[in-house]
Amino acid sequence: MPNSQAKKGLFQFYPHNLIWLGLSVLAIVLDQWTKWIASTHMNYADPVPVLPFLNWTLLHNYGAAFSFLSDAGGWQRYFFTSLAGLVSILFVFWLLRMPKKMVVLPVAIALILGGALGNLIDRITLGYVVDFIHVYYQNHHFPAFNIADSAITLGTILLLIDTFFLEKQRPKNSDA
């Protein structure tokens, strides 16, 4: 007799995965809070030294990562907004379908999702992304970034670790 409790199909999800959405929300809240602090307490493009290799520098990014396409004429705002929205929807479905025994992969997806939505909020409400973390060494400057970018980067690193090292150790059929 088939299990009537078995969840199948596109909208299958497991309640235990709501905790991962909580991690995404935490990333969004932390990102938006720090951007608000930077925007209300800093002057645009005026560096505030923190450490010998770190400044807080309020900047507006009209492009993608590292200001890619920031001077492309305006179409990139709609492109990146649409792309982030679509990827976020796919990530929510993927996240909610994670088997219970998995940890690294859902953390990775939750961080990427939270970072993408944090920057998406900026694009929709401001037309640009607020960046304020500026790391440098002598005359070598890394492009300014924010907490959302950090969440996306950490999530991507965890996703690569999961893909290349942990996936091989998982049983083929992991149940939730």
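One is the number of the first residue shown, and numbering goes on along the chain from there.
Placed from the backbone N, Cα and C atoms, the Cβ positions cover glycine too.
Listed features, source Swiss-Prot:
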ACT_SITE  Asp131  active site
ACT_SITE  Asp149  active site
TRANSMEM  10-30  transmembrane segment
TRANSMEM  48-68  transmembrane segment
TRANSMEM  78-98  transmembrane segment
TRANSMEM  102-122  transmembrane segment
TRANSMEM  141-161  transmembrane segment
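Beyond the ends of the transmembrane segment (141-161), by six or more residues, the same chain brings 27-28, 30-31, 34-35, 57, 59, 61, 65-67, 104-105, 107-119, 129-135 to within a C-beta distance below 8 angstroms of the stretch.
Between the CA atoms of Asp131 (active site) and Asp149 (active site) there is a gap of 9 Å. The local packing around Asp149 (active site), expressed as other Cβ atoms within 10 Å of its Cβ over all shown chains, amounts to 21. In the three-state DSSP assignment, the secondary structure recorded for Asp149 (active site) is helix. Of all Cβ atoms in the shown protein chains, 23 besides its own fall within 10 Å of the Cβ of Asp131 (active site).
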